[in-house]
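J.: I'd like to ask some things about the structure below.
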């Protein structure tokens, strides 16, 4: 999880950093991710369990992601007065993965802002070969994404792993079709945009992965995938340039629209689905408070770690690439077919 979070952030600053920068970013972000996990355990008493189960004569609750203790008033059970803690579901580590990585990268690219970004870097462009190769990578991710989402579900948990795989495939399928439709509708010429497809066909998998522990019906997964694709495609189409002009955040791979917005959508969907199945208003309020606190703590720590990393990486000691050398692979890699022959 930590390594994937670092990859998400690196996608935002890709092309504007050197290999030493990327190593520093990965080390600091992994440390921040682990610190965030520790703070959730310590401050909110969240335990990262795959399966937990408690049973009383009149109470039976099971969950598949976090265990969080909500201390209830004294209760009479079999004539004995006792207090107990109720275990409820919170979003799993995938929520931290996408939100932490996206916000960390956005703050980092804001700290490393270059004025050349507004005019687009000289070599910041793609051709047919690069586009097709990127699309091949997106298809591979599309195929293997269900195994990634179901990795945190315990085997034999009443078919939950199979349910997670099927829900992810449904969300991905709906997301791919919706992304293609929205791409055509948002294009002035009515043509399919390959960049939209690369970025947005995975939006459904991201969103449903965050809300996986609350998704029970196929229509829920499909609705989440449909909404995530619309939000992601519109974000890639319009939000990327506005983020650059308004907030000076140059998002190279449109990570905000691919990971950030769908993960927030999944967080909201998880909250609504859990509240829909909760009959106790007191427990619903307590769960909502803990749910929001988990998100706010993750956001606060990701922004803080992004600022600290940006201050360190921004130093000229690490020899950042010049504007004309940004997005230039020849500065760090050898290309035999481009070598000068004597």
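Note that Cβ sites are derived from N, Cα and C of the backbone, with glycine treated the same way.
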J.: With the ranges 194-215, 260-281 to choose from, which does TrEMBL describe as transmembrane segment?
T.: 194-215
J.: Let me know the model's mean pLDDT on the domain 'Ammonium transporter AmtB-like' (96-314).
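T.: Taking every residue of the domain 'Ammonium transporter AmtB-like' (96-314) together, the mean pLDDT is 87.
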J.: Looking at the stretches 94-112, 168-187, 289-313, which one shares the most CB pairs under 8 Å with the transmembrane segment (25-44)?
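T.: The stretch with the most close Cβ contacts to the transmembrane segment (25-44) is 289-313.
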J.: Between the transmembrane segment (94-112) and the stretches 132-148, 168-187, 194-215, 221-239, 289-313, work out which stretch tops the count of Cβ pairs under 8 Å.
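T.: Against the transmembrane segment (94-112), the leading stretch is 289-313.
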J.: Go through the chain and flag residues at least 6 beyond the ends of the transmembrane segment (289-313) whose CB is under 8 A from any CB in it; none is fine as an answer.
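T.: For the transmembrane segment (289-313), the nonlocal Cβ contacts are 17, 21, 24-25, 28-29, 31-32, 35-36, 39-40, 43-44, 46, 68, 70, 90-91, 95-96, 99-101, 103-108, 110-112, 267, 270-271, 274, 320.
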J.: Could you check if the transmembrane segment (132-148) is in contact with the transmembrane segment (194-215), meaning 3+ Cβ pairs under 8 Å among residue pairs at least 6 apart in sequence?
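T.: Counting Cβ pairs under 8 Å, at least 3, so yes.
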